[in-house]
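Worksheet: the structure to be examined is printed underneath.
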């Protein structure tokens, strides 16, 4: 009779719920074997669920590639709501049929996974472009217009020219066919890829700003109005990267 450890090692190689070995060892009444079988079944089911989720997330891209488009860029931004720092946009072109495990709306990805998934996107993408508009531009033109400018800059930085755009809840006045998708970062893998690239890029920038302007906890809050950030504003006043048209910064400046 095989040991529990031997069975566990063999189970690691099983990739289908219908595998005969899985059915065979399920009859083994030892509790260690039963636990190993259940664990493997759950892992296989999780893989199947993830593959199905990713299939759903590439449906826009799949239809467009089947229609003859050859370079589809997903575009998204991060940083519309913070009191400080830039708004950052990214444009990403993934290869046709590309699936990246764990890639989702960046707000749904655990923080500890951000770097890993960002790197997977950077490794697999055919092209990546990044655009940012700082607080001065945000104050000058408003956050909505600054977001569009950041997206257009990200688009212009792509080393490969896209022939179709999938954009998260926004339309751009550019001569490229496009679709605006509500909650795009949860429904299109290309937009989700742009979302995590923009998120990690902005978080790194804010961590750098934290060293330049200590006291606001920018490395932790990325410029959002947390308790520590607001306390920093009260104590140190307004920094050069604060958005002067955003409350409570605006009121502090009189």
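For all residues, glycine too, the Cβ spot is worked out from N, Cα and C.
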One of 168, 173, 203, 208 listed by Swiss-Prot as binding divalent metal cation at the site of 76, 77: 168
Residue among binding-site residues 76, 77, 168 with least C-beta crowding, 10 angstrom cut-off: 168
For the domain 'RNase H type-2' (70-254), the mean pLDDT of the predicted model: 97
Reduced DSSP assignment, residue 77 (divalent metal cation binding site): strand
